[in-house]
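Pulled from Swiss-Prot, these are the features on record:
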ACT_SITE  ASP45  active site
ACT_SITE  GLU117  active site
BINDING   GLU41, ASP114, GLU117  Mg(2+) binding site
DOMAIN    6-128  domain 'RNase III'
DOMAIN    155-225  domain 'DRBM'
Amino acid sequence: MNSININSLELKLRYSFKERSLLLQALTHRSLHTQHNERLEFLGDSILSFVIANQLYHRFPEINEGNMSRMRATLVRGDTLTEIAREFDIGAYLQLGQGELKTGGAQRESILADSIEAIIGAIFLDSDIQTVEKTILRWYHKRLEQINPTHHQKDPKTRLQEYMQSHQLPLPFYLLAQVCGEAHDQEFTIHCQVSGLEELVVGKGSNRRKAEQEAAEKTLKKLEFE
């Protein structure tokens, strides 16, 4: 990666590295068979969890541990990290092996999410905990302003399962009905079947988990109107 590309990414991250080799390592996937980002990812995961937990603790002094845990899970989950990675166009800067490049690894959600954690680890090693905390909070500013402890933090599948259990009904059944598209741009179709609804509910997403969550969300809405 040339210095112009590094400069453009640093502007997006709003952080300038003293040791740019750390940023390059954070962007290097293990498929390249060189010094890759997995150790930085491990470090960044722990730092992100601490920073968000600390912020929630001070923002919401009346909220119990369970609700804070659910809010933190929402903020640090893979979907959120992938969104942040796409805001920074991280895929354009990733260093990948040929196999990953050919299969669209630069846009694979798990790789994008992992790279954000690795960048957090790299910033910490390049600076200190106060600096990386400020950087994370800049990235998360809107999300922290918008998160509401009174809203459902549990995912739709969990809420649907709890709904069925509270009504003493069998648990939902999820069937993978179809997978279409290229490896880097697949669409999964899930059918959800529950007692109380005659028809199957269809959910779609870029991976099986997302498709199941969409199906669960639609099922909950249907059950509420039955």
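In case you wondered, yes, glycine gets a Cβ from its N, Cα and C as well.
For the recorded Mg(2+) site, residues GLU41, ASP114, GLU117 set the reference point as the centre of their Cβ atoms, and the other residues of that chain within 8 Å of it by Cβ are ASN37, GLU38, LEU40, PHE42, GLY44, ASP45, ALA113, SER115, ILE116, ALA118, GLY121.
Residue counts for the domain 'RNase III' (6-128) under DSSP, split into helix (H, G, I), strand (E, B) and coil, are 91 helix, 2 strand, 30 coil. In the structure as shown, the Cβ atom of GLU117 (active site) sits within 10 Å of 26 other Cβ atoms. Taking Cβ-Cβ distances under 8 Å and a sequence gap of 6 or more within the same chain, the neighbours of ASP45 (active site) are VAL76, GLU117, GLY121.
When Cβ neighbours within 10 Å are tallied across all protein chains shown, the highest count among the binding-site residues GLU41, ASP114 belongs to ASP114.
With DSSP classes pooled into helix, strand and coil, the tally for the domain 'DRBM' (155-225) is 28 helix, 20 strand, 23 coil.
Across the domain 'RNase III' (6-128), the model assigns an average pLDDT of 94.
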